[in-house]
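> Below is a structure I'd like to ask you about.
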Amino acid sequence: MNSDISNISLDATPRLTSLSHGGGCGCKIAPGVLSELLAKSNLPKQFFPDLLVGTETADDAAVYKINDEQAIVATTDFFMPIVDDPYDFGRIAATNALSDIYAMGGTPLMALAIVGMPINVLPHDVIAKILEGGESVCRDAGIPLAGGHSIDSVEPIYGLVGIGIVNPKQMKRNADAKDGDVLILGKPLGVGILSAALKKNLLDDAGYRAMVDATTKLNRPGTELAKLDGVHALTDVTGFGLLGHGLELARGAQLSARIDSAKLPMLPGVQALAEQGIFTGASGRNWASYGEHVELASSLTDAQKALLTDPQTSGGLLVSCTQDVVHQVLQVFADSGFAEAAVIGRMEAGAPKVFVG
């Protein structure tokens with residue numbers, strides 16, 4: 001008999017994280033593999049004049065122009081459990097999905113649920129709590145959860161289709177950063193490291209609360225930031241880590257991104273866990289996918305390197321803006337409760353790479 005009972009709760013309900021091989025945005029297909037898969041399509045590219053944002057720059061959402069003042073923002077995001085509490089899982093997944101709309105400078109209008117559950121394994125009241133958590137976030141965002149689709153799945157999967165609206169003149173892409181822009185990160189890093197610690201039963205209550213609080217905070221500032229003329233580009237930092245999404249900014253603008261590792265905000269307890277070698281498998285896959293396009297200072301420790309590739313679930317907005325609006329950007333974050341938003345680097349002329357010092 002297997003004496004390991006760590007995956008079984010007192011009421012014999014399996015831990016959600018024990019039912020999946022990955023969790024949160026760490027479930028993403030590695031960026032290098034994804035690029036290879038997408039490149040295999042033999043279908044000719046089609047041009048749609050009103051499709052303002054498609055797949056070209058790996059942006060956060062698709063944007064389709066309705067008229068000169070309105071465009072639809074459409075996105076979808078789902079994943080397997082990053083935590084064991086079903087209500088928290090639903091909240092985190094929903095917050096993460098809606099983030100893509102805010103990252104385009106949009107305002108959410110409604111959502112549809114994507115549900116895949118092992119119906120004969122998980123009690124139905126547990127599944128109901130996941131759905132309730134997702135709906136609670138939609139209510140917080142002021143939108144209806146208007147429907148969805150469900151399947152019987154081997155692993156638990158939950159997420160949303162998000163539909164939003166944006167003024168095309170205020171829409172922010174991830175490809176429009178300018179030489180000399182300042183980079184600002186809206187949330188602290190380390191979600192992947194904390195989630196890895198949780199799976200190993202090494203995360204204390206304070207660390208868990210910090211992780212859940214960060215991942216259930218809606219990236220609402222994106223809507224207001226898009227109205228600032230000096231904000232050139234927006235994206236959110238998710239499964240490909242800070243380096244991966246920073247590289248997307250660099251490639252889109254054909255510039256270099258320079259990041260100061262000493263200025264990176266991180267969640268409580270992350271530093272100590274990283275120094276113990278706690279990190280996700282996705283962190284290594286991320287580095288394998290884009291490491292050749294990154295230059296790291298030789299002084300960086302392994303723990304610092306792990307933080308840079310750490311997959312973020314419902315991570316912070318990454319803003320590229322002019323120096324003269326930095327104070328305004330930080331104030332928008334502060335007014336929405338993002339006290340740890342910080343200047344972390346800049347964009348500069350050069351090859352599309354990321355430099356970390």
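Keep in mind that glycine also has a Cβ here, set from the backbone N, Cα and C atoms.
Reproduced below are the annotations present in Swiss-Prot:
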ACT_SITE  Cys25  active site
BINDING   Lys28, Thr57, Ala58, Asp59, Asp77, Asp100, Gly148, His149, Ser150  ATP binding site
SITE      Lys28  site 'Important for catalytic activity'
BINDING   Asp60, Asp100, Asp236  Mg(2+) binding site
> Using a Cβ-Cβ cut-off under 8 angstroms and a sequence gap of six or more, which residues of the chain neighbour Asp100 (Mg(2+) binding site)?
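Result: Asp60, Ala61, Val73, Thr75, Asp77, Gly162, Asp236.
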> Rank the binding-site residues Asp77, Gly148 by how many other Cβ atoms lie within 10 Å of each Cβ and give me the one with the fewest.
Gly148
> Could you check what DSSP calls Asp100 (Mg(2+) binding site) once collapsed to helix, strand or coil?
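Looking at the DSSP assignment, Asp100 (Mg(2+) binding site) belongs to a helix.
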> What are the other residues, in sequence order, whose C-beta lies within 8 angstroms of the center of the C-beta atoms of Asp60, Asp100, Asp236 at the Mg(2+) site?
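So the additional residues around the site are Asp59, Ala61, Thr75, Ser99, Ile101, Tyr102, Ala103, Met104, Asn219, Thr235, Thr238.
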> In the structure shown, which of the binding-site residues Asp60, Asp236 has the fewest other Cβ atoms within 10 Å?
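Counting other Cβ atoms within 10 Å of each of the binding-site residues Asp60, Asp236, the minimum falls on Asp236.
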> Any idea what DSSP makes of Ala58 (ATP binding site), helix, strand or coil?
coil
> If you skip the near sequence neighbours and keep only those at least six away, which residues in the chain come within under 8 angstroms of Ser150 (ATP binding site), Cβ to Cβ?
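When sequence neighbours closer than 6 are ignored, Ser150 (ATP binding site) has Ala113, Val115, Gly116, Met117 within Cβ distance under 8 Å.
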> Restricting to the chain of Ala58 (ATP binding site) and a gap of 6 or more, list residues whose Cβ falls under 8 Å of its Cβ, or answer none.
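Long-range Cβ contacts: Asn174, Glu248.
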